[in-house]
Structure formats: C-alpha cells, structure tokens
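Below is one structure, written out as structure tokens; the observations come after it.
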Amino acid sequence: MRSAQVYRWQIPMDAGVVLRDRRLKTRDGLFVHLQMADREGWGEIAPLPGFSRESRDDAEAALRAWSLAWRDGGEPLLPGLPSVDFGISCALAELEGTLPQEADYRAAPLCTGDPDELFAVLAAMPGEKVAKIKVGLYEAVRDGMVANLLLEAIPDLRLRLDANRAWTPLKAQQFAKYVNPAYRERIAFLEEPCKTRADSLAFARETGIAIAWDESLREDDFRFVAEPGVRAVVIKPTLTGSIAKVREQVNAAQAQGLTAVISSSIESSLGLTQLARIAAWLTPDTVPGLDTLNLMQAQLLRTWPGNTLPHLGPEALEPLL
Ligand SMILES: O=C(O)CCC(=O)C1=CC=C[C@@H](O)[C@@H]1C(=O)O
Ligand SMILES: [Mg+2]
C-alpha cells in the first residue's frame, strides 16, 4: 500500500531579506510525503523567486500529477522541473533509505550587512573559520575595505564572497584595489563578480582573486572545466534537480579539480537539514553554504541542531490531495 500527500506552506521572512532587487516577505513552498508499508520519506519543493525558472504553480501541478501516479502504483518519471525533481528524489531516497542520516551542520556564516556581527560569530566558531559576505549591494570600494578589514583582523579567516554578477569590470577592479594582495589568497572564492563569464575570468586573471560559478551553472552552454582562476562551483540542489543530477555535477566538478559547495536556495529547515545530509555524503571535505535558516521566522517539521527559532509542526501545513 502506498500513500502520497502534498502540502503547501508559507513562512514569514525576516524583514530585510532582499533577493534580486525584490523584498522576499514570505517563503512559499510545498512538501511531498510518501509512505509505503512502514517506511516514509519527505521532500521539499520550493522554487526560489528570481532564481528558479519554474513558478510555484507549475511546480504544484507537476508535483500533484507525479504524486497521484506514484500513489496508484506507477513508477512515474521525474517531471523535469529542478525544484520538483529535487524534492521528489529526496522523499524517494528517504523512503528507500539511500540518503545517509549523518549531516554536516557546519555552515559558513552569511553576512549581508554589518561586519561587527561577523566578528562575534567568528570569534565563537570552532575549527576552520570560513564566512560568506554578500558584496555588490553597496559601493565596491566599501566592499573591498570590509573584506580587507576582516582578513586583516582575523588571520585564520577564509572568506567566501558573492557579487551575484553585480559589477562592471571597473567596479570589480575598484573592489580588488582595496584588498591587500597579501590577503587575496584567503578569499576562498568570489562568486560571479561580473555580468559575463568572460569578464569574471579576466577579473580572476588580473587580480589573483579566485572565483566561483553559481548563476553560470544554469546557463545552457555551461561546462564543468578547469580554467585559470576558477576554484569552485556552488551547487544549489533546488535549482539543479534530482539528487542523481546533483551527484553528477559534484563528480564533474571534482574530476576537474574544482571544489563543489552544496548551497541553500533558502529552503525551510526540512530542506536545509536534507541539504546538510547531502553535503556530508557528497562533499564531506567542504563546508556547505547553508546559513540561511535565520533569514526566516520559523522552522518547519524538522529542526536544525542548536537553532532557537520557533518550530512549527504539521498543523502549519495545508494538505492538497
Ligand atoms: O551559499 C551560501 O552560503 C548561502 C546561500 C546564498 O548565499 C544564496 C542563496 C540564495 C540566493 C542568493 O541570494 C544567495 C546566492 O546567490 O548564492
Ligand atoms: Mg551565489
């Protein structure tokens, strides 16, 4: 006997969360819950506005159709929408016991504004000190000064930076000018500095600051190849697709000597804890980019160890089937 349920949910976000120039007031998504005999599995389907190609309505229609077909005993193909394929593959993997329980709950602390806050967090961080800062939101010169200040003040810090393609080559140069060349090696990577890949590659060559691809992975002509100055790829499973596809991408990156970083698409705590398991399994040597739970006002179903946000149970879910 199989049963399948699809749920809708909505979580209020912290007041200041801005994504691609728009304020994200709520995070809206779906869960799928599959049961067979005494086994069960959950998966999260939450297209990220401004990043996912599919809308939430598209995702819901595809998820409903797949779930009904599976419940009726079929082995339907994954629908081919990345967020839906990711969520269904997680639910199936839990059901089949193929997603290991062990998780990597280290998260590179994410700092969008005040570097002072980051000082406190890093001072209390055991082991490898790695943090991520959003750049490109203010003046490039200010970003350069902040990065330089942090690298100077915390000698064992490695920084990940993310410009989300905000800079012209000139602005990227203005940023680099303020980062002491002696510290540049401790920029683990700067995600997508410029609008085009060619400009980003030129930036890496000219400044010695390593870059990482994130947005580029969703472009049709993107290939996993080693190029001078490229150190890492950021893999966001909700934007990628099934666990199998995520695994293929991790392998393709590692085969080229690139670091693969499993990263959040601002999933709820359910999806994030599954990403922490995927990271422990597929990229055990790399701190994942999963510090996004505190952008929300609540956790859903499963909790992230040590997180103090309120926890909402099944009563917060709206069943759709
Ligand atoms: O990668 C991380 O460390 C955290 C996730 C993160 O930075 C992002 C998640 C989703 C959308 C973006 O604003 C941002 C990114 O661009 O990588
Ligand atoms: Mg990014």
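Cβ from N, Cα, C; glycine included.
Among the features that TrEMBL reports, domain 'Mandelate racemase/muconate lactonizing enzyme C-terminal' is placed at 115-210.
Per TrEMBL, active site, proton donor is recorded for LYS134. DSSP assigns LYS134 (active site, proton donor) to a strand in the three-state reduction. A simple way to gauge crowding: the CB of LYS134 (active site, proton donor) has 18 other CB atoms within 10 angstroms, across all the protein chains here.
The Mg(2+) binding site feature in TrEMBL is assigned to ASP162, GLU191, ASP214. The Cβ neighbour count for GLU191 (Mg(2+) binding site), using a 10 Å radius and every protein chain shown, is 27.
The active site, proton acceptor feature in TrEMBL is assigned to LYS236. Spatially close to LYS236 (active site, proton acceptor) yet at least six residues away along the chain are PHE51, ASP214, SER263, SER264, SER265, judged by Cβ distances under 8 angstroms.
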Worksheet item: CB neighbours of ASP162 (Mg(2+) binding site) within 10 A?
Response: 23
Worksheet item: Looking only at Cβ atoms, how many others are within 10 Å of the one on ASP214 (Mg(2+) binding site)?
Response: 24
Worksheet item: Using the Cβ centroid of ASP162, GLU191, ASP214 as the reference point for the Mg(2+) site, which residues of the same chain not in that list have Cβ within 8 Å?
Response: ARG160, LEU161, ALA163, ASN164, PHE189, LEU190, GLU192, ALA212, TRP213, GLU215, VAL234
Fill in: Spatial separation of LYS134 (active site, proton donor) from ASP162 (Mg(2+) binding site) - C-alpha basis, Å
5
